[in-house]
Amino acid sequence: MQSIISIKGIEKTYAGGFRALKGVDLDIRRGEIFALLGPNGAGKTTLISIICGLVNATAGSISVDGHDIVRNYRQARATIGLVPQELHTDAFERVRDTVAFSRGLFGHAPDAALVERILRDLTLWDKRDAQIKELSGGMKRRVMIAKALAHEPRILFLDEPTAGVDVELRRDMWGLVRALRDTGVTIILTTHYIEEAEEMADRVGVINNGELVLVEDTSALMKKLGTKELTVLLAEPLAALPPELADWRLELNADGRELRYVFDRHADRTGIPSLLARLRDLGIAFTDLNTRQSSLEDIFVSLVSDRRPA
Amino acid sequence: MNIQRINARGIWSIYRFEMHRFKRTLWTGLAVPVITTSLYFVVFGTAIGSRMTEINGIDYGSFIVPGLMMLSLFNESIFNASFGIHMPRFTGTIYELLSAPLSAFETVLGFVGAAATKATIVALVILLTANLFVDVRVEHPFLMFAYLVLVAVTFCLFGFIIGIWAKGFEQLQIIPLLIVTPLTFLGGAFYSIDMLPEPWRTITLFNPVVYLINGFRWTFFGTADVAVGISLAATAAFLLACLVAIWWIFRTGYRLKA
Ligand SMILES: Nc1ncnc2c1ncn2[C@@H]1O[C@H](COP(=O)(O)OP(=O)(O)OP(=O)(O)O)[C@@H](O)[C@H]1O
Ligand SMILES: [Mg+2]
């Protein structure tokens, strides 16, 4: 598939000497919704800021729709809309004016009808003549989205769009993101809500300590999510797994006091009844059974904790 | 529109945004120069002028008009331009300017153009106010206007640099208060440097503001303490220095980008 953003070997060392990005390679596909996940300070905002021209990279190159972001910055930036993580707005400007201003800044002719449509989509039309300082935090965030959409970008960056946003606005926002994707806009978002990435994104990238540790189709991740785990707490510890249990590929944990069995929850036959029957036949007594389902969160946490520097 | 070469709409948007900001404070913005000019005329024109009727054959009241205009022009230019660029840095809205398809030159043009427009308007308001007190003759009106715009643009560029350099709002005031205003008062805004005894006269010639004020005064009266060519050269040199500094700021992203 053709990539719309191509990131090669991007490194960022901040003035203080802190290495925020350690060689990131990533291709964003045209028309996809890509979710960038990672703990606080992972480097998500830094990466987005470099692509959008707010931060200079220390090394590496990025092209947007074939345009190098440094050499052909005009063409590269013209297609990008950015909604930053922090709320940065003017205070005294009126909502409608500030959106029109953003459109002009990107070199587009005024289009009152378009501005109206964007404001209506974001339920800001009633506030069109209000000064931004009169708006609530959630409304200000919507103003920032409206500003980013004002020049009809083909690529939209949403840096934690749902942080501090109520349930209704969150739902509206996702509706908007889907509608934009349907018109062919590529969307890159960061979030701390894993369900959000799960529900919205075509692909997920996990970044930690300035390194991209995983990029995968959300559906492939969902397959991993499909696994379930059964833990059998034994009454008496076992020294070794009896060969009669080899069919289930079990793990013996906790000094022989636990049997762990991982299975596919979508399979017609989980193998649990037969496993329990076999245990009984072998005279292995157990005191408790636990099942749990792994989530994207688990995968995320295990990836992140595996990579923590010692 | 084709923005491959120049993003004219982007420049115009910044210009309009800044002019809109000035419009919000239009009345104070215009009342201040009118009142200050009137005060200067009461103090200098009436109190002192009654003892010092003429300088180089020019009525004292008229003589101080170019100096008054320059003093305001310097302050307005520096203040408007520095505040204009400092504000987005302070509120964080600069993200949008940095992410827009605008060159450094275009961004500066928008901000400096608006600040220079306002500063020029204020200087002209001072000229009109002065006319209520004295009859000001302007020998070369077109040159006067051109010089006004040139100095306004130069000091707006200078203000733009201050706005990027400053770490806080108080720093915006430091250079105008500690350097520009004293240099203006000492630079013959209200007297002819020929009135000074040596060595002060010679020392004063190292004050760049002397050349700016005298160049401007020449457009009014056709005479000045220093040759108009030297004045123009000094102004152009300052303009060039500011342009180089701004070119460097955008090239390195100094205090604009991490
Ligand atoms: N201007 C800066 N100067 C120095 N260090 C910085 C700067 N901006 C960010 N950092 C550091 O770079 C690292 C990555 O920051 P970044 O904002 O990219 O993280 P993030 O993944 O967006 O985190 P969050 O989820 O909290 O938004 C952090 O350790 C941060 O302290
Ligand atoms: Mg962030």
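Quick reminder: no glycine exception, Cβ is built from N, Cα and C everywhere.
According to TrEMBL, the domain 'ABC transmembrane type-2' annotation covers B:24-253.
Taking Cβ pairs closer than 8 Å, the transmembrane segment (B:26-48) reaches residues 60-61, 64, 68, 72, 76, 118, 122, 125-126, 129-130, 133-134, 190 in its own chain, all 6 or more past its ends. Annotation comment: TrEMBL describes B:26-48 (among others) as transmembrane segment.
The annotation transmembrane segment is assigned in TrEMBL to B:60-87 (among others).
Under the heading transmembrane segment, TrEMBL lists B:107-130 (among others).
Residues or ranges marked as transmembrane segment in TrEMBL: B:142-166 (among others).
Taken from TrEMBL, the feature transmembrane segment covers B:172-191 (among others).
Marked as transmembrane segment by TrEMBL: B:203-220 (among others).
Counting same-chain residues at least six beyond the ends of the transmembrane segment (B:226-250), those with a Cβ under 8 angstroms from any Cβ of the stretch are 104, 107-108, 147, 150-151, 153-154, 157-158, 160-161, 164, 205, 208, 210-212, 214-216, 218, 256. Taken from TrEMBL, the feature transmembrane segment covers B:226-250 (among others).
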### Query
With the transmembrane segment (B:203-220) as the reference, which stretch in B:60-87, B:107-130, B:142-166, B:172-191 has the largest tally of C-beta pairs below 8 Å?
B:172-191
